[in-house]
Every structure is written in C-alpha cells, then in structure tokens.
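One structure is given below, encoded as structure tokens.
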Amino acid sequence: MDLVLNPVAAVGRGVLSACRTVGAVALFALQGLSHLVRPPFYGRLFLRHLVEIAYFSLPVVALTAIFTGMVLALQSYTGFARFNAEGAVANVVVLSITRELGPVIAALMVAGRIGAAFAAEIGTMRVTDQIDALTTLSTNPMKYLVTPRLLAGVVALPFLVVVADVLGVMGGWLIGTTKLGFASLSYLKATMDFLQTMDVVSGLVKASVFGFVITLMGCWCGYNSKGGAQGVGAATTAAVVSSSILILALDYVLTEMFFAR
Amino acid sequence: MDTKAHNEMVPKIRLRGLAKAFGEKKVLDGVDLDIRAGHGMVILGGSGSGKSVTIKCILGLIQPDAGTIEVDGRDILAMPRRERDELNDRIGMLFQNGALFDSLPVWENVCFKLLAQKRITRAKARDKAAEVLAQVGLAASVGDLSPAELSGGMQKRVGLARAIAAQPDIIFFDEPTTGLDPIMGAVIDGLIVDVVKRLGATAVSITHDMASARRIGDDAAMLHKGKIVWRGPAATLGDTGNAMVDQFARGERDGPIQMELRR
Ligand SMILES: Nc1ncnc2c1ncn2[C@@H]1O[C@H](COP(=O)(O)OP(=O)(O)O)[C@@H](O)[C@H]1O
Ligand SMILES: [Mg+2]
C-alpha cells in the first residue's frame, strides 16, 4: 500500500532503516573487538569455537573444494580448447582457486554451518534469558559470547582456505591427468611455476575478512533475536543470508583492492 | 542510632517513579516501592503486569525510561560502571525459566559466578558445586549432568543453587514455583526461606501462588496497571481489605480487576 501511495517515503524509510542496521552492526563489531584487549580472556572458549569452525568444517570444505577444482579443469579446458590454449588449464585452475574460489566456497560453506549454528545458539540463549543470566553472574555477555567467536572465525577461515586451495588444485590435477591427458608432473610444475605469493596471500586476507563477517552476522542476528522459537529461526536464516551476500559483495571489494597485484 | 535501627530505616531497595514503556505500551508507570533489608518481599500481579520488567530494571538488564532505583541509599542508575558491577557481584537471580546454560554441565552452572569472579579455581569448582547442590537437596552426581537432562523441579533447584552460590546479599526469585507440582513448590519455598535466612539476605520474589507468597514473604506488594496498588504484610493476603488484592489472592473472576481478554 505504502509503496503505491508514497514510494519516496517508503524508499526513504528503507534507506534509513538500512543505515540504522549498518550502524548498529558496526557498533556491535567494535564492541566485540574492544574486548580483545581487555581481560578477562576466554581462551578455552576461543579454542572450542576454533575447533568447531576449523576442524568440523573440514569435510564440507574439502569436498566442495575438490569438486570445484575438478569442474574448473573441465570447463577451462573446454574454453581454452577453442583457441588452442589447453596448456593454460593448470594456470587457470590454480589462479581461480587461490585468488577466488577457495576463499569464497569455503566461506559460503562455513556461513551455512557456523553462521547458522552461532545465530541459533546465541538466539536461544537470548530468548531463554541466558544472556541476561550471564550479566547477573558477573560476566559480560559480549566478551563471553561474541569476542571469542569473532577471533575464532578470523583465525579458522585462513586455515580452511589453505586446505581448500590444496584440495582444489588437486581436484584439477586429478581431472587434468586422468581425463584431459596432462602429464602428472608437468601439470604440477605448471601450477607451481605460475603461482605467485600474492595469489595465496590475497586469498588468505579474503578468508580472514569472510571469517569475521560470518561470525559477526551469526552473533549479531542471534544476539538481537526475539520472540521464541520462531524468532530464533528467523535469526538463523538472516545470519546465513546476510553473511552470504556480504561475502560475495566484499569479495568484489577485496578483489578490486588486490586487482593486478 | 545503632546500626540495626538504621538498617530498618533505610530500605535495601527503594524505587521511585519507575517507568518503562515498550513502544506504545506503558508497562511500568510510576512504581514506588521500599524493600526492607533482610526481609522477604513478594511482588504480586497478573501475567504481563510488569513484575519481571521491574526486577530486570533493578538488575540493570533493562534501562527504565524514568524514575530512580536506590540500593542501600545509593542511586544505581547514576553509578559509574565499575561500582555497578561490584553491586551486581552481590546480587543473585533465579530466572523465571531457570535460564541455565545448556552448553555447560550443572557444576559449572552452579559455580559460574564464583569462577567469573575468580573466587575459586576450576579444580575446586566441582567440590564447591557439590556443596551448594547439597544445600538445595541435590546429590553431588547431579553436577555432572547437563541441564537438559533435569526435570523441571531439579532445574529450579539448580537455578536456585546458582543464584546463591556466590552468597549474595540480595536475591531475586522470578516465579520460583510456577510450573511445579504443589509439593515440589513447597519444597522450593522451604529451600528459599532456608537459604535466605542463612545468608541474611534480602529476598525479592515474584509469584502468583498465594500459599507460596505467605511462605516466602514478610511483606507483599501488588502491581497493577503499572503501579503498586497495595502493600502490606504477606500474612494478611486474602484478607487485606483491599478489594483488588483480595480478588487476586482468592482467584476470583469477578471484582475490580477486569482481565483484558481481548486486546
Ligand atoms: N524486552 C521487551 N521488549 C518488549 N516488550 C517487553 C519486553 N519485556 C517485557 N515486555 C512486555 O512487558 C509486559 C510485562 O512483561 P513482564 O514483566 O515479563 O510480565 P510479568 O509480570 O508476567 O513478569 C509484557 O506485556 C511484555 O510483553
Ligand atoms: Mg514474568
């Protein structure tokens, strides 16, 4: 109704509320980070979340990375065969995986697993008064719930991306040698010769940023959920959707920052 | 003036003009209440009348829109953060639904505040938890269970154990017996009276249950439409001469309080 009667006002309201949300998330992030330098520190929780993210996401990240590498080898071969440049397959695979697909695929997988889990866990704590209980038990809920998770995300994602890079390249190599007729050693040599430090580094920087975004959105959506089981469900969905969008949007921003470097 | 007489004069908690609205809805609209040190105060009121909001304001979990909250004669809303935290360290709270941390075993729940304040080490926490659990009539072996494995009555008792473990001097009980069978309710009330007496604490309880109110309260106050409409000795509940309170205490459908069935 509004949209028909007064589109300008509706758009304005939308923009304002979006700004408010962005500001609130930014404040939340700053608050979470500020506890990094103020004791007490919850090392035990950090380790628990690190294992939860890094170790238990390994199977999904590994599988998706392998398949991505395999598909990439086939598709780039198809493309390059059209102008007789099949030899570039190894280069294209390693470049795409390290700079782009490793970080993005790993991050999207972790967003589904961890963003959802964090939002559901913290959201349930919110609607069952557990977050209020923390405050009455002399514990700062931001410091206890959010800070260790943010830190774990920033540390875990680069680790997962290293694994994804290696396995993605291996997937390409598998297809390259078994289906496309490359010699095993020359494929690997082409890969290593072509790879530059910056390719890997830019991928790892992306990974850390994505890890931060995933855990931040998971925590924020959970922390601000209200209204029982339905609210927690909505928070979980919002966490996954918003972090997935942010991952792809930030991927562009970061790619442009690292462009031609 | 001796200290005892002084303590009688300065209320432990003093609320003046406490107001809080959520959006359009005025939940608290000028609550005035004095809570005597070392006594049990019971707050009565219909569901949704703002009882929980009142104690969440005192606990600093909700920021009131207006009014003052004094504890030991000091305005806690104007207190610096650090002092506020120190005060918080001396307050215990049993939440309406327990609010136990389901990611932690019972012993860690019970000793959470002591661990947070570094008053004990993790190595000693299990034994300490067993000691506190015994005070609420639970076996030490309960300490190793997760909260999800407990019955409602046990969860309430663990919540109680967690609220008293750090030996607070003010304890809040939000509907401690709601959802329990009458016998378990009486058991919980007995535990509350015991621990409050042992700690010499000031207890503020919310309840709908008149039997419970008489057991755990010295004083009672009734919250209705955002204001305290009556206060008096808990022993007189049901026969206070105030039509509203008596209707509530006797659970009668007809009277000055008209339930809003439709909103
Ligand atoms: N955080 C909140 N946000 C919005 N409304 C709230 C919040 N907390 C309580 N309320 C509303 O305030 C009213 C009083 O709640 P509460 O104090 O929990 O009632 P009760 O007296 O049953 O404990 C209810 O109508 C509830 O919907
Ligand atoms: Mg309540």
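Quick reminder: no glycine exception, Cβ is built from N, Cα and C everywhere.
Among the features that TrEMBL reports, transmembrane segment is placed at A:12-33 (among others).
Outside the transmembrane segment (A:53-74) by six or more residues, the chain places 89, 92-93, 96-97, 101-102, 105-106, 109-110, 113-114, 152-153, 155-157, 159-160, 163-165, 167-176, 179-180, 211, 215 with a CB less than 8 A from a CB of the stretch. According to TrEMBL, the feature transmembrane segment maps to A:53-74 (among others).
Positions annotated as transmembrane segment by TrEMBL: A:150-175 (among others).
Under 8 Å from some Cβ of the transmembrane segment (A:195-220) lie the Cβ atoms of residues 25, 28-29, 32, 53, 94-95, 98-100, 102-104, 106-107, 110-111, 114-119, 122, 145-146, 149-150, 152-158, 160-162, 165, 238-239, 242-243, 246-247, 250-251, 254, 258, 261, all in the same chain and six or more residues away from its ends. The transmembrane segment annotation in TrEMBL covers A:195-220 (among others).
Residues or ranges marked as transmembrane segment by TrEMBL: A:232-254 (among others).
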Contact set, same chain, for the transmembrane segment (A:150-175): CB under 8 Å, 6 or more residues outside the stretch: 29, 32-33, 36, 46, 49-50, 52-54, 57-58, 61-62, 64-70, 72-74, 89-90, 93-94, 97-98, 101-103, 105-107, 110, 114, 184, 187-188, 191, 200, 203-204, 206-208, 210-212, 214-216, 219
